[in-house]
Amino acid sequence: MKNYKVGIIGATGMVGQRFATLLENHPWFTVTALAASKRSAGKTYKECVESRWAMTTPIPKAMEDMIILDAANVEEVASKVDFVFCAVDMPKDQIRELEEAYAKAECPVVSNNSAHRHTPDVPMVIPEINADHIKIIDSQRKRLGTKKGFVAVKSNCSLQSYVPAVHPLRELGCNKVLACTYQAISGAGKTFERWPEMVDNLIPYIGGEEEKSEKEPLKIWGHIEGDQIVDTDDIAITSQCLRVPVSDGHTAAVFVSFDGEVPSEEKIIETWENYKGRAQELELPSAPKQFLHYFTEPDQPQIKTARTLEHGMAISIGRLRPDTQYDMKFVCMSHNTLRGAAGGAVLLAELLCAEGYIEN
Ligand code: NAP
């Protein structure tokens, strides 16, 4: 039976709360340290989050009376855990410094932050897609001079709506993608109470999101060359990202073209339904049994069905049909705060434990 002591850096924030909730009854992970800024340090978790608890389930009982540590006291936090999850709202250069300080204290970091996504020896992993990238950790450890410590990150939540569906199509020759994303307000850390302008509204701009949606997949589909991950250059992606009045769940309308013969609709659906990644092979606790689900009804998937499918960790796809400009088009959906954020990071941590990169 695996049992790891886990810390949450940024435990008081929106993503930190989600980690606390997901880890409450986790079969492998026990939360032994909660950390945040100096403003929270010394107070109990309950005192810090009671007035800003944003989850639908209560504050985990076992964490209510835990004393928040100052995340800057790296040695103290690291001494209490086998690894940490990190989700902090700080300038990017400070996040990079903080995460490397934990790694250098021999404490692995599984990060929700974007600061290290393009560091060439930091793996950015969707466990069903590029689990093999965790091998780059050996090179990162050499650079940092560590035996156990390293940083691994999850990708942006927007692309996790469509990259999983496109991934198996690459084997069938998919080399061109146009993706329009329709993103929930929780992706901006908001609720309708806290963002009343979003009720009955749509905003056609999410700062930096289109760049991330086009660039991050190239690293995910990249390969290890020497001591770095090199982006792929065999697929072209363009995207538009819109904010829509939905609480949780990102949608993508996707158009794809293929190099050579266009596969039939039956072949594509069969490819999706049979796809298994490393997370399924290892039967990781947070992995969906089936990663990609195809819905045949013309009015499915809807965000309400997609949100609850396999505890918010599977991808819902529907409306596959030929297109006049591209070869095929379809829609897909994923839960942005579960699969796209904290849930994806927990799954990544499970992969790193199962593959021996995190030890207890
Ligand atoms: P948040 O609700 O504002 O929480 C920020 C957390 O960072 C709090 O725990 C805060 O502690 C801590 N913090 C702030 N300054 C700190 C410092 N100097 N030292 C240590 N801890 C510090 O932010 P969030 O929405 O959870 O986002 C966290 C990270 O996830 C960010 O990098 C964000 O870009 C990313 N992200 C969030 C979402 C989302 O859906 N919310 C989606 C994608 C990515 P105090 O309570 O003590 O201030």
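For all residues, glycine too, the Cβ spot is worked out from N, Cα and C.
Residues or ranges marked as active site, acyl-thioester intermediate by TrEMBL: Cys157. According to TrEMBL, the active site, proton acceptor annotation covers His250. Among the features that TrEMBL reports, domain 'Semialdehyde dehydrogenase NAD-binding' is placed at 5-137.
Distance noted between the C-alpha atoms of the residue listed as 'active site, proton acceptor' and the residue listed as 'active site, acyl-thioester intermediate' is 8 Å. Counting other Cβ atoms within 10 Å of each Cβ, the lowest count among the active-site residues Cys157, His250 belongs to Cys157. In the predicted model, residues of the domain 'Semialdehyde dehydrogenase NAD-binding' (5-137) average a pLDDT of 97. For the domain 'Semialdehyde dehydrogenase NAD-binding' (5-137), residue counts in helix, strand and coil come to 47 helix, 25 strand, 61 coil, using DSSP.
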